[in-house]
Structure formats: C-alpha cells, structure tokens
Amino acid sequence: MKFKVALAGNPNSGKTTLFNCLTGSNLYVGNWPGVTVEKKEGDLKNTSEKITLVDLPGIYSLAPYSMDEIVSRNFLLEERPDLIINIIDASNIERNLYLTTQLMELDCPMVGALNMMDVVQKKGVEIDADALEKLFGFPFVEISAQQETGIDGLIKMVERIVKNDKKQEFPKIFPEQINEIFKEFENLLQNKFPNVLPDYPRIFRAVKLIEKDDEVLSKIDDCSILLEDIEKTRKKIEVFSGNDVDSAIADYRYRFITATINLATRKTKENAQQFQEQLDKVLMNRYAALPIFFLFMFIIYYVSITLVGQVTIGGITWFIKDVLIVNIAAGLGSIGAADWIIALINDGIITGVGAVLTFVPQLMALFFFISILEDSGYMARVAFIMDRIFRHFGLSGKSFIPMVVGLGCSVPGIMATRTLENERERKLTAVLTPFISCGAKMPIYILMASVFFTTNQTLLVFSLYLISLIVVFSSGFILSKTWFKGADSGYLLEIPPFRLPKMKNTLTQVWERIKEFLVRAGTIIFAASVVLWFLQNFTLSLQMVQSADESILATFGKVIAPIFAPLGFGNWMASVALLTGIAAKEMIISTLSVLTAGQAGGLTLAISQIFTPVSAYSFVIFILLASPCMAALATMRKELGNWRDFFFAVAYQLGLAYMISLIIYQVGSRIFI
Amino acid sequence: MFTLKDLKPGQKACVGAIAVEGLMRRKLMDMGVTPGVEIEVNKTAPFGDPIEVRLRGYALSLRKKDAANILMVQ
C-alpha cells in the first residue's frame, strides 16, 4: 500500500529544507515567507514503506488569501492525505501552533515536527515534546532540518502512524459553551442540509461556514436559507464571547495555545539575541539602509563580473580556441574527415556552446551571492525598506522579492509573484519582473563591455541594472493607473530572523541553477548551433556558400534587419541573434559567435565592426528590456491567466524596448559621433 | 483612545480592538493580532513607513495606515 503524507506549516518554517532531508531532493530553499509556491512530491527515503511526501506552500491559516495558499488548502481538503506532518518553527512556536489548531479540525492523523530546535536551544528555551503530545493529542518530534538532526526519529514516527489505524483523539480547543454551539450547528447541517459539502471534515465544515469563508460558501449552490441559520449561530457566539465571530474564534485558538505553551515550555536563560538586533540596526538604519543595499548589489556584480571574469574568461577562451578547436581540426583532419564536418563541429557546435560555457564561472559567482542573500533573511528586510517606494508605483514591498529572484532567472521570479495576495499587484509584478535582467542575459553585456567599454565594465553593467529599475518603477506607475488599475492590497509581512546561510545548502542551489544552464547549453543551444551553422553555410538552393552574405540566414536576416536599423543594429547578424534569443537568451551570444566564426580576428573584432559603442549600448538595452525567452513567456502566460493580458504585456515589453533603444541610438549617435 | 500607529519604537501596549473589516481583519487575526495581545513597536522603516512590531515572539511588518486601525489599551 502506498501512503500519502503532506508536509504543512507556516511560510518560512523550513518545510522545503525538511522535504529535501526526507526525500534526498534538492528543491529551492530561501529565508523569506513564500519560497514554495507549488506543491512538490517526492518519496520518503530510509523507509521500507512506500510513502509519498508532498511539500505544500506555507500557510498561516486554513483561510486562504493567495494562490499558493489555496493550493495547500485544496490539497489537504480534497486529496485527504494519510498523515499530515505539521512542521512548526519552534523558535516562533506560538504563531505556528495557530495553524496546528486548524489542521486538527481536518480529521487527519498528525505528527508535529518541532523544527529549528538548535535555534530554540540557543535562545535558552526548553520545549517539552511529551507535554505537547498530551495537550494536543498527537506526537511531536524535535528536529533541526538545517542541521539534519532528529530526522530518523521523525521518519520512524511517520512509519508508525501511517501503519497504525488507531484514531488520534484531538482535544477540544474552544470553551464548552462554544463547542455546544458548534455541535448544535453541526446537527442542524446533518438534518436540514444533508447535501452541503458532505465530504468535508465535520468540525472544519461547521467552523468555516460559521466564519462565512468565501471559498466554502462559493461551493454551495443556494445558501440563502443556510445563511439565516449561520447568522443565528454567529449571534449566539457573539453573545457568549462578547466579541465578533472572527475575533472570538481566533482569540479562543490563541488562548488555547498560550495556555499549552505555558505548560510545555520553559525559559532557562535570558534571551541572547543581541547580535541580531545590532545587525538589524545597521542594515535597516534610516540613512544607511538604501546605500547599503546598493553597495551589496554593486559588490555582487563587481566580484562576479569583473573579478571572476578577469581570472576565468581568458583561460576558458584560450582552452576553447587554441586547444580544443586546434586539436579537433588536427585530429579529425588526420582521420580524413571532410572539411565541412570539421567546420560544423568547430565553427558550429564548439563555438556556439562554448560561447555560453565561457560565462559559467561568472554565473556561478552571481548565483552564489543571490543564494546567500535569499538564505540570510535580508530579502524580507529589503521588501520592508522598499514598501514605501514601491507603493508609489502601484506595487507592494513584496513585489521586490520576485524581482530579486528574477536576477537569477525570470521563470522562478514570475512564479514567485503568487505570494502576492492582490491580483492586480500580482499580475503587474509578473509583467514587470522580466525587465529585471536575468543571469542568461549577462554574457552579452560582458561581451559588449569587453569590446567597447573596457575601462568601466562593472559600471556599464551596473548602469543597465539601474535602467531596468527605472523602467520597472515608471512602468509600474503608468500601468497601475491604466491597464492594471485597482485598489492596493494590504501589506503584512513576517520579518524572519537572520540566519547564517549553510554552505552545503548554498552550494546545492548554485549547482541546481548552473545545472539547468548547462542542460540548456547541451540541448537547445547545441541543436540551435547546428541549425544555425547549416543555415549560415548553405544558400537557398542548398549549395555551400562562397561568402556568408549569400546564406539562407543572411537572406532571411536581411528581410528583418531594416526593422532594427533605426536602433543602430540593422546588421543581419544582430537581427538573427535577437530572433534566436527568443529560444534562450544565451543564444544571442552563441549566434554571434557562430556567425562570425572563421573570420580573422574572431568574435571581438567582428563585433567591433558590426557595432559602434552607441549601437552596442542600444543593442544591450533592447535585449535587457524586450520580452523574455520562451520559457519565461510561457510562465508569464500561465501566471497572467488570460491571453488578453499576455498579449498586452508582450506588446508593452517589445514596444518599450524598441522606443528606449531608438531614443538612445538616435540621441547618442548625434552626441558621440 | 490611541492606536498602534501612535506607539513609538520601544513602546508597547495591548490590542483593544481591530477597527477594520474584511480580508485585512482576518489576516491580522491569523497573524496573532487578537484582542489582549501585547505588541511592541520595534522600528520604523527608513522612509517612515511601514513599521515593524513584535508580538507572540516574532516580528511582523505592517503599514501605518493599517496600524491606525488597531486600537490599543495600556
């Protein structure tokens, strides 16, 4: 028999870290609320049973507000797992147990995983897991997912409970009188409305109906009579509690929790959290906060682009050009391979794929820093700092997080918008996130910088990021008043404590991202380089070309090139590169390399002939702002939910990119002749 | 009568009532802002808004406009 076990808990309580521990996977982890936006499945390891573990997006309660939270709730309600592992951030136990009191109403066996016990011990708090078990009616296991302690105990506990059919008895959380009112309401439902959500767990159904939960009410066809009874029940609760229903129910839950915590936890020493506070004082200082943020970003780009680049690019280029290509030509020549095969391999595949691989060390450095930023807890703080600014532009501080994720890749960036509750802000953020330059676009900036702007490489790249920020803000301002009009949602964001990123975690994430990059280099870019080489070396009548200008690609490129002429890059090679960039942004640089392969002086010389400094800048601005690659476009379509918004977004992105490049080239070429 | 917005960093008080309806009200409750709970203001963001408060052993940030709807008692 195969068992299904759900991992449920508050945002940022360490679910994904635990999931990776329990299944041996390498899913994406970060230190801000809302890293996981989709449910993920994996098989529990180190067990003889067949157990599928499902990692759910974090939720604060079973009242769902945002898309990712609805995923969690629907799974728990509709798929009825055999067991819920309720992961609880034990260093924030009070707020975390609030969800626990709601999960207990789902009528499903539970195990409590008290996570971050290492932090709890450092804070000088003792938690008595046995006492908690007595109070809550289900077992608790002390673990630290990050330190990987207590995991075996948790697995054993899970095995024991899924095989045992003895029902867990959960205690009553509410006062006796309130329980009576619930019971009365339940009986009324059974007798008078037997068809109302019969499959839902009894207590959950009663509580959610009394709370007038929109999702639950929307599932009932005609609820006018039922609503009358609900109102009567609400009145009774209000009379008894002297409070409105929402406050009363939340208050009773928290009262139960406070009482249990007083019994089950003990403070052994005074809180020693001074380092956290000091760090916060500096990083969130009134005057220094923003400069510090930009300083961090500048250092990140300086180190990954300039410092790492200086060390690695020369060596890799030398290896590809002077070792690989030379030896392959010699080797294949000596076994009598045809010239065109040697050219295909060297000028097509190795040049195309190699152009992308050259930048792997720099991307590794970039991903390394982004991963550290994500794990440390700094992101939520920047969202907090930025909220005031973002609000003026129709966004919320929370929009900032998808954008930082987008620095790595737009796809997870766009997906991260699901944590925004407000639909208007969510869509707007999804449309704006591709304006933040992703890692795959970086190679082309570095290439152009190394040809035209040798003395100020970091500065040039940094100027691009500033421009993208300006575009994000001004577009937010314009679009929030036109296409994506509407009210702003509330902003309510948990600020997690700072955590020292764990090196193993950071390196795993860097590897996962680089792996994706390498896979693309080995598949899409490999195939496209071959196709490009053929298109470039044959004429329309399928003859080998004498000069590249007669090729199929050139013929085609020359048709579209005039579109880009006003922007300064009406060269057919540049146009073709932009087109192939739709498949993947790294393709732009591969395409230019393949198209100029075999020319004396190589890529650098060719580029300096095709572009001027001004048209090169206009070219990178166009790449920066124009619509993202296919994968990101597909994600954007999915998150926007309709074609109308999607086509608008693409038209907006393309139009804006064209306009800004046009201005830069037309103005720039008159100033710097 | 004063609200959470009136508290300065370092000051604390207890929640009396939440004077806002709808989604925000429920979310505040879920986050532990219920009548009687003690809230301390940690800090104000560099640009003056939002604020960060501490309650039930964790840090929560919210905008002043919403803090103004949380009525406090000593």
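Placed from the backbone N, Cα and C atoms, the Cβ positions cover glycine too.
The domain 'FeoB-type G' annotation in TrEMBL covers A:2-164. Annotated transmembrane segment per TrEMBL: A:287-311, A:323-342, A:349-373, A:393-416, A:428-453, A:459-479, A:517-539, A:559-580, A:587-608, A:614-634, A:646-667, in sequence order.
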Selection from A:459-479, A:517-539, A:559-580, A:587-608, the stretch that has most Cβ pairs under 8 A to the transmembrane segment (A:646-667): A:559-580
Chain residues in Cβ proximity to the transmembrane segment (A:614-634) (below 8 Å; excluding those fewer than six residues from its ends, i.e. six or more beyond): 409-411, 414, 434-435, 437-438, 440-441, 444-445, 448, 451-452, 460, 464, 467-468, 471, 564, 567-569, 574, 578, 581-585, 588, 607, 650, 653-654, 656-658, 660-662, 664-665, 668-669, 672
Top Cβ-contact partner of the transmembrane segment (A:587-608) among A:287-311, A:393-416, A:428-453, A:459-479, A:559-580 (pairs under 8 Å): A:559-580
Annotated stretches the transmembrane segment (A:517-539) and the transmembrane segment (A:393-416) touching (3 or more Cβ pairs under 8 Å): no
Intrachain residues whose Cβ lies under 8 Å of the transmembrane segment (A:459-479), provided they are six or more past its termini: 297-298, 301, 305, 389-390, 392-395, 399, 403, 428, 431-432, 435-437, 442, 445-446, 448-449, 453, 617, 620-621, 624-625, 652, 656, 660
